[in-house]
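Undergrad: Supplied in structure tokens, the structure appears directly below.
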Amino acid sequence: MARLRYDGMQKTLHWLIALLIVAAFILALYLDDLPLSPLKFKLYSYHKWLGISVLILACIRLGYRKAKGTPDPLASQPRWQRALAAAVHHSLYLLMIVLPLVGWAMSSAKGIPVVLYGVLPLPNWVPVNHDLGETLETAHVVLAWVLAAVVGLHVAGALKHHVIDRDETLRRMLPGKH
């Protein structure tokens, strides 16, 4: 029998990752306008923590998804919508992994340590190289905006299903039992 809903772990990972992504994005926008200061360095550390947390949780989520599967798409959903939803989901997973890795590589290339949660120094995995660091910074910013756009598509799709189609798509991922 096909599952109709996501389980508690899937919902928890979904909403926790969503919260972390929104927090990292808002923090990045705020950091952009801050003058260089000890506060800015501290907030950059928090931004890195959020990004690496997204990376870790996305990997856990992918493993859990592989082990447990996901509910089947609703039978009423047209094939093109299922294909679009799959493309958006694949893009989200790809970006949740690539964006933090590019940020980490950027820090490594700039010679800036990444110390997870202030206690766990992560290895620099690319050599210090200013030009590479600048290129990776540009890539990180572009990918962040791509992620924002894909998240926007994801949210718009969920709201379309909830408000216009009045189907179970959104309710299947909301916390609690519906």
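Cβ coordinates are placed from backbone N, Cα and C, and glycine is handled just like the others.
Reproduced below are the annotations present in TrEMBL:
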DOMAIN    5-176  domain 'Cytochrome b561 bacterial/Ni-hydrogenase'
TRANSMEM  12-31  transmembrane segment
TRANSMEM  46-64  transmembrane segment
TRANSMEM  84-106  transmembrane segment
TRANSMEM  142-163  transmembrane segment
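Can you walk me through where each of these features ends up in the structure?
TA: Confidence for the domain 'Cytochrome b561 bacterial/Ni-hydrogenase' (5-176), expressed as mean pLDDT, is 95.
Counting only same-chain residues 6+ beyond the ends of the transmembrane segment (12-31), those with a CB under 8 A from a CB of the stretch are 6, 40, 43-44, 46-47, 50-51, 53-54, 57-58, 60-61, 64, 96, 144, 147-148, 151, 173, 175.
Residues of the same chain lying 6 or more positions beyond the ends of the transmembrane segment (46-64) and with a Cβ under 8 Å from any Cβ of it are 9-10, 13-14, 16-17, 20-21, 23-24, 27-28, 31, 93, 96-97, 99-101, 103-104, 107, 114, 116-117, 122.
For the transmembrane segment (84-106), the list of distant contacts is 17, 21, 48, 51-52, 54-55, 58-59, 61-62, 73, 77, 114, 122, 125-126, 133, 136-137, 139-140, 143-144, 146-147, 150-151, 153-154, 157: same-chain residues at least six beyond its ends, Cβ to Cβ under 8 Å.
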